[in-house]
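Shown next, in structure tokens, is the structure this report addresses.
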2 protein chains.
Amino acid sequence: MHFAVITKVLGILLMVFSFTMAPPVVIAYWYRDGSELAFLSAFAVIFLLGLSLWLPMWRKRAELQTRDGFLVVTLFWTVLGVIGCIPFLFNPALDISITDAIFESISGLTTTGATVLTGLDELPRSLLFYRQQLQWLGGMGIIVLAIAILPMLGVGGMQLYKAETPGPMKETKLTPRIAETAKALWIIYVTFTITCALLYRWAGMDWFDAVAHSFSTVSTGGFSTHDSSLIYFDSALINGIAVFFIFLGALSFALHFAAFRSRSLRAYVVDPEFRFFVGLIVSYIVIVASGLWAYDHYQGNTSATLHHAIFQVVSFSSGTGFISTDSSDWPTYVLYFLVLTSFLGGCAGSTGGGMKIVRAALVFHHSLRELRRLIYPTGVFAVRFGHRAADDRVLQAVWGFVGVYIMLSVMFTLVFIMTGMDPGTALSTSAASLNNLGQGIDGVASGFGNVTDFAKWMMCFAMLLGRLEVFTMLVLFTPLFWRQ
Amino acid sequence: MHFAVITKVLGILLMVFSFTMAPPVVIAYWYRDGSELAFLSAFAVIFLLGLSLWLPMWRKRAELQTRDGFLVVTLFWTVLGVIGCIPFLFNPALDISITDAIFESISGLTTTGATVLTGLDELPRSLLFYRQQLQWLGGMGIIVLAIAILPMLGVGGMQLYKAETPGPMKETKLTPRIAETAKALWIIYVTFTITCALLYRWAGMDWFDAVAHSFSTVSTGGFSTHDSSLIYFDSALINGIAVFFIFLGALSFALHFAAFRSRSLRAYVVDPEFRFFVGLIVSYIVIVASGLWAYDHYQGNTSATLHHAIFQVVSFSSGTGFISTDSSDWPTYVLYFLVLTSFLGGCAGSTGGGMKIVRAALVFHHSLRELRRLIYPTGVFAVRFGHRAADDRVLQAVWGFVGVYIMLSVMFTLVFIMTGMDPGTALSTSAASLNNLGQGIDGVASGFGNVTDFAKWMMCFAMLLGRLEVFTMLVLFTPLFWRQ
Ligand SMILES: [K+]
Ligand SMILES: [K+]
């Protein structure tokens with residue numbers, strides 16, 4: 001392990017992060033909301049912290065290896081998640097415990113979007129902007145993590161993507177080409193964000209809300225500047241725009257890159273994960289809409305039924321967590337179904353949460369193969385994904401991932417029951433955190449302000465685990481990892 | 001498919017089954033409980049039904065093939081489950097709907113032990129005996145199914161056992177040696193039953209209760225002749241005997257056979273599934289007992305805490321469903337933990353329910369291997385189980401099984417929520433039926449009499465699916481199976 005270099009890199013990260021206080025400072029001045037000094041002090045503290053990590057180590061050089069990668073990635077997200085709480089603590093308009101501040105910060109950065117705050121509409125705009133910006137930056141980070149870094153680390157079968165990502169990714173060294181890959185992906189991400197913001201503005205949001213919500217839309221983050229989320233705008237047009245950009249955010253950015261490079265939509269149509277995802281979304285919508293119809297929830301109003309079914313399905317299954325309606329009076333099983341869709345989540349290499357569609361698809365095809373094998377015991381069946389047969393090693397990694405993920409969901413649910421939640425609420429809390437969904441139902445439908453501090457810390461842990469594809473972080477808990 | 005021969009075999013099965021009315025008839029005469037005629041008519045109806053299936057086909061001959069096996073096994077359990085309802089319908093002391101009668105019969109035969117009846121203590125003894133006998137016969141059937149038949153069908157990785165079972169099991173034909181294997185296993189099963197009954201009698205039960213409960217103990221069935229299950233006897237000694245024989249019932253009968261043949265307990269000690277199971281049980285007990293301690297549930301009474309922790313852990317994790325205490329005031333998470341243990345269930349080749357320990361162990365070791373592979377990407381790690389490395393094909397079958405099983409649990413839970421249960425109760429109902437646990441918590445803690453008819457039918461389906469290791473039945477729902 002190259003601890004010196006890792007410390008140095010962390011120092012640089014913090015110094016770079018400190019400059020993200022600039023937009024909130026500008027906004028604080030613009031709206032004169034009284035947060036200027038808070039953000040400036042946050043900048044100073046975080047910059048100096050970074051400097052104090054970097055300075056003693058700045059001469060150290062070493063090529064980071066694959067194994068350092070697990071530690072670096074986990075530290076990046078954990079340290080940034082914790083340090084990101086400073087602006088919440090410093091803000092004079094907010095009286096918040098350290099637990100709550102760290103929760104909000106980690107929830108932002110992991111694009112979870114679970115919140116302990118209420119009265120958002122009254123908060124300083126600069127602080128609201130900071131929250132949205134956390135999600136946007138987290139989304140950026142996750143795309144690079146999922147497409148450029150995790151495949152090299154071999155987490156959860158993501159070697160699958162090695163061959164498909166732009167640039168040669170077969171080296172075991174961490175640095176080369178990451179920058180180049182990142183640049184290409186970020187151009188797409190920024191383009192989506194700007195387009196989304198312009199459309200939101202056109203559809204009726206003010207500039208501030210348009211930009212703020214574009215941040216949490218393409219990152220499938222789900223933070224809003226209003227307590228009532230998108231219900232506040234009460235606009236089918238805005239909801240439609242949200243659905244479209246959430247959907248884009250939940251697709252693989254490697255796929256967007258391929259489509260962008262070939263200047264054609266064919267890349268999407270032929271992609272097996274895209275097709276599986278669309279198929280799933282359509283069946284989700286059918287199930288939710290027919291549930292609403294069966295209970296005559298919108299008194300036969302087809303357009304309202306479809307509108308909210310589509311919105312909630314896309315929002316929950318991608319792990320975004322925006323809401324278009326107060327669904328607390330929806331049929332219970334529909335609500336739980338929505339929560340369960342977040343376990344499969346979005347596509348790999350997207351900003352979406354959950355186990356990822358590609359894994360769900362492989363597991364599904366694998367299970368079908370086992371059924372076929374029972375009928376033709378001597379037949380040879382490959383697990384196909386698109387036109388290729390999935391590699392056995394990849395399948396094994398995927399199964400290992402899925403197994404551990406389900407085990408963790410169950411464990412977190414039990415832990416949340418232990419903190420006093422009823423079983424349904426506990427499951428919803430697990431899904432909200434581990435799948436980076438952010439939105440709860442039942443006892444946590446209106447936020448997580450009232451759960452115990454212990455539950456909040458467990459949620460922080462779950463959010464980080466989920467965002468780092470579980471294994472990246474879990475591997476650090478094995479003695480084997482630390483052996484030389 | 002050899003439909004003629006399958007019909008003939010079914011006919012024979014029913015005629016044989018009709019003779020199991022004999023013990024209840026004898027008991028009805030002995031206690032003069034008024035059910036003699038009901039059981040005699042049930043005998044006549046079932047025998048004639050069997051005869052009418054057998055007679056037109058009795059000259060047909062054909063060697064049944066592997067593929068017929070799926071259909072035969074599923075039909076055996078389904079038809080017997082349905083036909084077994086007749087004595088409930090005919091009994092004058094019982095006013096019961098067809099749904100409830102079929103539910104009770106399938107629940108008995110699949111050794112689930114979920115009941116829709118109340119007032120057991122007042123029912124005719126012959127009918128109570130019939131219920132217990134159903135479980136005992138179901139347990140017998142399941143042992144042969146799991147050890148002699150499923151390995152040949154290749155269901156869920158049970159090829160693993162091919163090499164270990166007595167007699168050569170490598171043929172693809174269904175008939176040879178099954179009879180011989182069955183005989184050896186049944187001798188052990190009967191020996192356990194007799195010993196258990198004698199010990200129950202010695203510990204204070206009357207003869208009727210001793211025999212009746214020995215039937216539902218070694219079969220991990222969980223039916224009782226009293227509404228209050230084992231609480232009725234309020235005896236630590238009886239509970240201890242129950243724990244011991246439940247534990248034996250939840251071990252592989254192939255393992256019992258090996259120990260019996262070698263006249264040594266060494267076979268147990270070296271068996272990897274046995275070791276994993278014991279390890280699990282011990283950790284379950286630690287978790288449950290510390291949960292009870294933490295909430296000071298028994299006011300510091302260590303022996304009561306341990307007594308009930310051990311009993312409930314063994315009863316739930318094996319899928320038996322006896323209760324030693326009214327646990328409705330136990331900490332919620334402990335109760336849900338108990339329910340969750342039933343998903344792993346007992347050992348393969350036992351009468352226990354759930355996914356089976358061998359599969360849990362393989363999945364666990366596989367996941368550990370994936371963690372190791374992340375740290376040493378070029379290392380070669382086999383998934384070890386005991387001294388052997390698990391075959392890749394077996395692992396794939398196991399993963400396919402586990403994936404489908406979890407998917408089904410989630411689906412059944414959603415369906416039960418749809419019928420109006422709260423999410424916790426719905427999960428408990430899923431576990432009670434799919435894992436053949438039989439005992440519920442929360443809304444179904446005192447039985448399933450009050451759930452909707454639709455829920456009862458879904459439970460019947462889940463009980464059969466679970467008992468037939470899911471794939472045996474699921475394969476019949478694929479078009480591929482029916483293609484020539
Ligand atoms: K989210
Ligand atoms: K049972």
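Including glycine, each Cβ sits where the backbone N, Cα and C put it.
The model shown is predicted, which means the values in this text are computed figures rather than measured ones.
Pulled from TrEMBL, these are the features on record:
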type	residues	note
TRANSMEM	B:12-31	transmembrane segment
TRANSMEM	B:37-58	transmembrane segment
TRANSMEM	B:70-90	transmembrane segment
TRANSMEM	B:136-161	transmembrane segment
TRANSMEM	B:182-203	transmembrane segment
TRANSMEM	B:236-255	transmembrane segment
TRANSMEM	B:276-295	transmembrane segment
TRANSMEM	B:333-352	transmembrane segment
TRANSMEM	B:394-418	transmembrane segment
TRANSMEM	B:454-482	transmembrane segment
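Residues of the same chain lying 6 or more positions beyond the ends of the transmembrane segment (B:333-352) and with a Cβ under 8 Å from any Cβ of it are 111, 139, 142-143, 146-147, 158, 160-161, 218-221, 249-255, 273-274, 277, 280, 284, 287-288, 291-292, 312-313, 316-320, 327, 358-360, 405, 409, 424, 427-428, 431, 435, 437, 441-442. Here the transmembrane segment (B:454-482) has long-range neighbours at 1, 67, 70-71, 73-74, 77-78, 81, 99-100, 102-103, 106-107, 110-112, 114, 116, 138, 142, 145-146, 150, 153, 155-156, 158, 353-354, 400-401, 404-405, 408, 412, 415-416, 419, 421, 429-430, 432-436, 448, meaning same-chain residues at least 6 beyond its ends whose C-beta is under 8 angstroms from one of its own. The transmembrane segment (B:236-255) and the transmembrane segment (B:70-90) are not in contact, since fewer than 3 Cβ pairs between them lie under 8 Å (pairs 6 or more apart in sequence). Non-local neighbours of the transmembrane segment (B:276-295) in the same chain are 247, 250-251, 305-306, 308-310, 312-314, 317, 330-331, 333-334, 337-338, 341, 344, 346-347, 357-358, 360-361; each lies 6+ residues outside the stretch with a CB under 8 Å from one of its CB atoms. The transmembrane segment (B:394-418) makes no contact with the transmembrane segment (B:70-90), as judged by fewer than three Cβ pairs under 8 Å among residues 6 or more apart in sequence. Sequence-remote contacts of a segment are chain residues at least 6 beyond its ends whose Cβ falls under 8 Å from one of its Cβ atoms, and for the transmembrane segment (B:182-203) they are 136, 139-140, 143-144, 147-148, 166, 209-211, 213-215, 217-218, 235, 237-238, 241, 245, 248-249, 253-254, 256-257, 260.
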